[in-house]
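Summarising the annotation, TrEMBL assigns divalent metal cation binding site to D8, D9, S39, N96. The domain 'Survival protein SurE-like phosphatase/nucleotidase' annotation in TrEMBL covers 3-203.
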Amino acid sequence: MNILLTNDDGINAEGLNVLSAALSKKHNVFIVAPKFNKSGASSQMNVAVPLELKKVDKENCRLSYHLEGSPVDCVLSGLNGSYISEKIDVIVSGINDGPNLGTDIVYSGTCGAARQACLAGIPGIALSIDSDSKDESDKNGSLYFENLADFACKNLEKLVSLCGNLTVLNSAHKYYRNFVNVNAPAMKNYKGAKLTVPCIRRYWETVELCECENGCLTSKCGGDYYVHSYGDDSADFKACEEGFVSVSVVETEPSYADISSIKFDFNL
């Protein structure tokens, strides 16, 4: 298959390099990744803004570019730019150094890229390491990436199939209803893999205010924070806590509430 790789940790991230090395053994790999770390970029898209695109030398891929933009920008550029002539079969985002569980999906640039892939009519898969579950008996961080990369290679066709059937709106617009969000514990050996549902995550974050010399204030969010996860035994975080790879199938389009029982008139 022709695989487009991206991430939100940046072009030099170890997770991207390890994943490219694994997938390139059997597939054609093309890389378009952010020039800088874009964690938390979600589905940010830079509209009508010129972004630097530069070819870079990387091993284990057919070609590689960094883009001075978001993960979604990378997907759009890789699919619609003229510098990749091959038809892309699947877009894989990651491997992210940190979990993207439950509510994390809303903020994640890793998941934003996978979602954008499906919106563009290409299966999208997000891969993340749940570093919160790190096995302290092994300090080799590369091993954790290699384990998940190996899982992705062995199960690539199955993961692609979870995106469902291609939905055709018209001749110009097609999309996949689901993208796939994979989280793996940072362990030597997985106990298995489970289909899971995204949990609810709540964050207690600190905000640091600093006064600059010119009198302006800066506000820094997300320094020290605490995460609480909620869900039953089918939740993604539970699977990772128990040593399993979590595979969640997430709707590409926004879901909506049932309004059939709501009866009232708006004021005009």
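Backbone N, Cα and C atoms are what each Cβ position is placed from, and that goes for glycine too.
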(request) Report, as a single number, how many Cβ atoms besides its own are within 10 Å of the Cβ of S39 (divalent metal cation binding site). (result) 19
(request) Measure from the Cβ of D9 (divalent metal cation binding site) and count the other Cβ atoms within 10 Å, all protein chains considered. (result) 23
(message) Taking 8 Å from the centroid of the Cβ atoms of D8, D9, S39, N96 as the cut-off, which other residues in that chain fall inside it around the divalent metal cation site?
(response) N7, G10, A13, N37, K38, P71, G94, D97, G98, S108, G109, T110
(request) Would you mind giving the whole-number mean pLDDT across the domain 'Survival protein SurE-like phosphatase/nucleotidase' (3-203)? (result) 94
(request) Compile a sequence-ordered list of residues in the same chain as D8 (divalent metal cation binding site), six or more apart from it, whose Cβ lies below 8 A from its Cβ; state 'none' when nothing qualifies. (result) P34, N37, K38, S39, G40, A41, S70, P71, S93, N96, S108, G109, T110, G112, A113
